[in-house]
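> Found this in TrEMBL, in case it helps:
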| type | residues | note |
| --- | --- | --- |
| DOMAIN | A:75-290 | domain 'ABC transmembrane type-1' |
| TRANSMEM | A:20-42 | transmembrane segment |
| TRANSMEM | A:78-100 | transmembrane segment |
| TRANSMEM | A:112-132 | transmembrane segment |
| TRANSMEM | A:163-186 | transmembrane segment |
| TRANSMEM | A:207-232 | transmembrane segment |
| TRANSMEM | A:267-290 | transmembrane segment |
Amino acid sequence: MTQFNGPAQYGFAERWLPRLVLAPSFLLTLVFVYGFIAWNGYLSFTASRLLPNYEWVGLAQYETLFANERAWVAVKNLFIFGGLFIGGGMAMGILLAVFLDQKIRGEGVLRTLYLYPMALSFIVTGTAWKWMLNPGLGLEKLVHDWGFTSFTFDWLVNPDMSIYTVVIAGIWQSSGFVMALFLAGLRGIDDSIIKAAQIDGASLPRIYWRIVLPALRPVFFSTLMILAHIAIKSFDLVMALTGGGPGFSSDVPATFMYASAFTRGQMGVGAASAMMMLATVAAIVVPYLYSELRGSRNA
Amino acid sequence: MHDQNKLWRIALYGVLLYAAVYYLLPLYVMVTTSVKSMDEIRAGNLIALPMSITFDAWTKAWATACTGVDCNGLSGYFWNSVKMVIPAVLISTSLGALNGYVLSKWRFKGSELTFALILFGVFIPFQVVLLPMAQTLGWFGLARSVAGLIFVHVVFGIASTTLFFRNYYVGIPDELIKAARLDGAGFWRIFFKVVLPMSTPIVMVVLIWQFTQIWNDFLFGVVFSSGDSQPITVGLNNLANTSTSVKEYNVDMAAAIIAALPTIVVYVLAGKYFVRGLTAGAVKG
């Protein structure tokens, strides 16, 4: 029988074919991801306004960015939206997952209903919630019809509250996803642990709180990553629901970047804000990826 | 003890059903609003059942509603999305399958680094590539065209399709590949005769994942297309935000359902693969 000892045994084609097949994707990534990040980084140090202008201006665009009130509103909104979206989505998703895990009749149907918003575009979600939350004919009128005529719900057009409408729609869309992730995690937990704890006389909420949920730490962290990631990138939902308004009260970094770069002729500021977004994502993702990859190498 | 248990079960089902209503209500409101007339919408309320059903809003949303200056409804946008999504999904999925095959079964010096480099593409906020890409598409003569959108979706889809296939193919035993090689099969023969026939589940997952992602995309659509090359999400957003003297919510809702229909159909028919894609993508990165 022939011995196969590795690459030396392959023909010339077999040795180069894999590299050749991977090459287009490798080059595309190199140019369109890394090259473009560098290019965008360069743009952020230039005087570009309506059109690219490669005159070097150092940190001037970043100074403009940090002096911009609208940019700070966007950052503040990201914290409000991100915090409530992640917290609310997690709480709801985990609760539903734990409840669904109690040998529920019709679990499959319920699961399907909880998760379908994830298949929708954020533009669809935004359009639907914009109609429901509009003060004239939406929820407000419904509650009036029920007899509570003093009820007002004008968050959509109230600059102090507009960002919270994005939270409402965001949680509606994404909490089912959290449920799916945690349910998958719960199914991976050995039933005998729960049974043993029950025999010891521990109550069900206590078992979940002290034993089951701590065992789901990895699921918790990956869900946190994904939700944080969705929050930082969120653009469509805000555009469809509030358009960043009233005024710029519900702007987030992604809509700020879009407006600067493509509608307000401040390309340099747009490029600088995109770099700040990248830095934020990298600060979250790189440590996570590092620990994940190191973990899988040890496993 | 037994009674308490029963009470607990009732509360459990109560909460779960309440949640189901919460998720379904917007869909119910969308559908009922879309078949009401504006007079009825003004007279009634959000959750009232329609007294008479009319599909006027639907035909208007499809063919004559204004999306800015033009008043041709969503039909053109819808077909743009179809023309965009089919090639983009097929090309990005094929590339992902080949990349995954190489990165799991034909590793070479530097292939792990290549994988790490590609993987990072899953996470970047796309804002950081918009400006250079707009310029580059202009140089290629692809600016503001469906072809340009296909290109963008392929380039930035590679990262996730590669990740999906690579993680799946890692689970195929190396012995199978070795045995095929002993039989004299080469790189392509092994891929088409051994690996691909085992790939149906992951191919389904990736096709559905890419379809949903690309159909629902708004950012690339709004930045890289204009006028007669815009996809459905941009059309819907234009339609819902076009200021006319009278806001026609029934038309907005019909338009939103039209935009959502393809992905909802896919979800209903192949939800299993959709969920698998979501959770796999999540757990693996």
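Glycine too: its Cβ is placed from the backbone N, Cα and C atoms.
Please treat TrEMBL annotations as automatic predictions, because they have not gone through curation.
Let's see these features in context: how buried, what's close, how far.
Sequence-remote contacts of a segment are chain residues at least 6 beyond its ends whose Cβ falls under 8 Å from one of its Cβ atoms, and for the transmembrane segment (A:20-42) they are 54, 271, 274-275, 278.
Packing against the transmembrane segment (A:112-132) from elsewhere in the chain are residues 96, 138-139, 156, 165, 168-169, 172-177, 179-180, 234, 236-242: each is 6 or more residues past its ends and has a CB under 8 Å from a CB in it.
Sequence-remote contacts of a segment are chain residues at least 6 beyond its ends whose Cβ falls under 8 Å from one of its Cβ atoms, and for the transmembrane segment (A:163-186) they are 77, 80-81, 84-85, 88-90, 92-94, 96-98, 100-101, 111, 114-118, 120, 122, 125-126, 129, 133, 155-156, 212, 216, 218-219, 222-223, 226-227, 230-231, 234, 237-238, 241-242, 249-250, 252.
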> Counting only residues 6+ away from its ends, which parts of the chain sit with a Cβ under 8 Å from the transmembrane segment (A:78-100)?
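Distant contacts of the transmembrane segment (A:78-100): 107, 110-111, 114, 163-164, 166-167, 170-171, 174-183, 185-186, 208, 212-213, 220, 223-224, 227-228, 230-232, 234, 252-253.
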